[in-house]
Amino acid sequence: MSGIATGAGVLRLEEEPPDEQIHGSTRERDNATERRTERAAQTLANPALGLAKISLTFGGVAALRDVDLEVAQGEIRAVIGPNGAGKSSLLNIVSGLYRPTRGQVQFGEHSFDQVPTARLAAHGVARTFQNLALFKGLSVLDNVQMGLAHRMRAGFLRQIMGAPLARRIEEENRTAAKEVIGFLHLDDVHDRFAGTLPYGVQKRVELARALVARPKLLLLDEPFAGVTFAEKQELSQHVRNARDSLGATIVLIEHDIGVVMGLSDRVAVLDYGRKIADGTPDQVRADPAVIDAYLGVAHEDATELAV
Amino acid sequence: MALLASTKTNRPTAETLWIGIGIVVAYGVVPLAGSDYLLDAVLTPFLVLALAAVGLNVLTGYAGQVSLGSAAFLAVGAYAAYNLHLRVPGLPLLVDVVLAGGIAAAIGIVFGLPSLRLRGFYLAVSTLAAQFFVQWALTKFGWFSNDNPSGVIDAPVLRIGSVSFATAAERYVFSLTIVVVLTLLTLRLLRSQSGRNFIAVRDHEIAAKVIGVPLLRTKLLAFGISSFLIGVAGVLWAFAYLRTVEPAGFNLDRSFQILFIIIIGGLASLRGSFIGAAFIVVFPLLLSRIGAAVLGRVFDSGVLEMSQHIVIGALIIVFLIAEPRGLIALWDRAWSALRPARRPAIPT
């Protein structure tokens, strides 16, 4: 996927390039098949995200033990597990906030012992946080535009003086931010301070801030925690759109199994820092180890699974 | 007084209008001012303290890095400008001012380095190092004050080309021009990506880092810009206001005074810096008049100073608890109560 987020063109990635329509239908089909095979081959060589034998210990406590995880391009991948299973630790390792005790993280062809957090955006990775991490003192529009902060190549003097380069990038970023705000139906609140909005709306603003950079890989940390049922429906639609329209590969950490099963292509289950199951939602739901793990912990988790 | 909006919710046209009115009034005051006293003892120190407060507000209010070393950067600006003037013959005054600000910025960046590891209270304590180190160095090494035994420096006459700024009114205009230009440039900076980066680092450092905001560069930029502004304020303090300064004048009390200006006026508000500075300058004058009127002879300078400390201390506590956004928040609320339809409501 192209990393340029300028103008309206990028938003409509799902549209076919115009020259396709001129060609005959057979050739078009050939092209499509070819492209799919190509993509599959690429996926095997370069998964959007690969975790190899990740272990993490805090003092003597093992938060994660030998976790492998492979996320294919264009997939919605859920990681679920009871409280304390190590889900958030896993995400913090992927975003470089923790350094794994052992193991490696792979984005495309790059492999890391510790992911350089400062270069995350440059690698096309964005994330949201379990508890909101918005900039309360900025408007919604400015919050979303912050997602493109790394694109500003002009120094502060050129920004003050309004040099052409600074003005052009500022303009591009603002346009991209406004587009994403429209995409997530935030137009009505674009000039409000982020801290003054209801929780569910703030979650959407955070999603917008992550999406504005058109990430290749989007990490969502409990996106559905603490939002109402209606907001859950809406948010999961936005997550699906992020993949379908913007072409992002999505990894989401979730506690609430109900939403995840309908949304994800594949689900990995963590318990006590180990991966105990990995597969399609149906496979995972039927897995005895998963049922045991969930029955063994908090009661509401078990009922959630039953639903 | 220049009225400068700090929030982007203000409509630009109305804001530009207010800034314009403020500047016209500020320049128009000169011929109307009946006495040199008003210009020399009230308006000029108000402008200089306001500029210093704008500088500290960039660092503490916007970028969230607490500093207790403001007076050190005032001193660096003052002594740097003095030495540049003394040792570089023929250096134009404005170049001198800018270079002095630059030297203050460089020292500010050095003392800002710990900010990558320290935050809040611990960072504030580490900026105290700047405060004590600068004061010590200026007293210890006679070179800085051209070997004056008590470290006192006398300001040269302000002169740009053939125009000299010698009278109270002229020095006020000189200060006003520099303060207006620098405040407007600061406003532009705060509205740029760099300014948003400051607020992002203040509000959620980890999220800012994940997004790709360069933390070290952003923090050091905040320290640099802040020290530059405070350094230039120091030049004005020494050259346009007092004209004779000594290192002891830039002590910790001065640092606290600037910090109190931004707390009382309003953190993360340029307008607040001006309102806070006005308050700090005018309040002691009012207090002495009122005190003298009510209590007569009993209210001498000792009592005045004590009551000043008590009232300002109490105000700081009240503001921190009841209205952390300072006087400017009260002003905005009063304004929107007067004209409810004109402002978009921001629920709190």
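Backbone N, Cα and C define each Cβ position, glycine as well.
These features come from TrEMBL:
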TRANSMEM  B:12-30  transmembrane segment
TRANSMEM  B:42-59  transmembrane segment
TRANSMEM  B:66-85  transmembrane segment
TRANSMEM  B:91-113  transmembrane segment
TRANSMEM  B:120-138  transmembrane segment
TRANSMEM  B:172-190  transmembrane segment
TRANSMEM  B:220-242  transmembrane segment
TRANSMEM  B:254-270  transmembrane segment
TRANSMEM  B:277-298  transmembrane segment
TRANSMEM  B:310-331  transmembrane segment
Assess whether the transmembrane segment (B:12-30) lies in contact with the transmembrane segment (B:220-242), where contact requires at least three Cβ pairs under 8 Å among residues 6 or more apart in sequence.
no
Is the number of Cβ-Cβ pairs under 8 Å between the transmembrane segment (B:277-298) and the transmembrane segment (B:172-190) three or more, considering only pairs separated by 6 or more positions?
no
Rank B:42-59, B:66-85, B:120-138, B:220-242 by Cβ pairs under 8 Å to the transmembrane segment (B:172-190) and hand me the top one.
B:42-59
Chain residues outside the transmembrane segment (B:42-59) and at least six past its termini with a C-beta under 8 angstroms from it
29, 33, 65, 67, 70, 73-74, 168, 171-172, 175-176, 178-179, 182-183, 186, 189-190, 198, 222-223, 225-230, 232-234, 236-237, 240-241, 257-259, 261-262, 265, 267-270, 272-274, 276-278, 280-282, 285
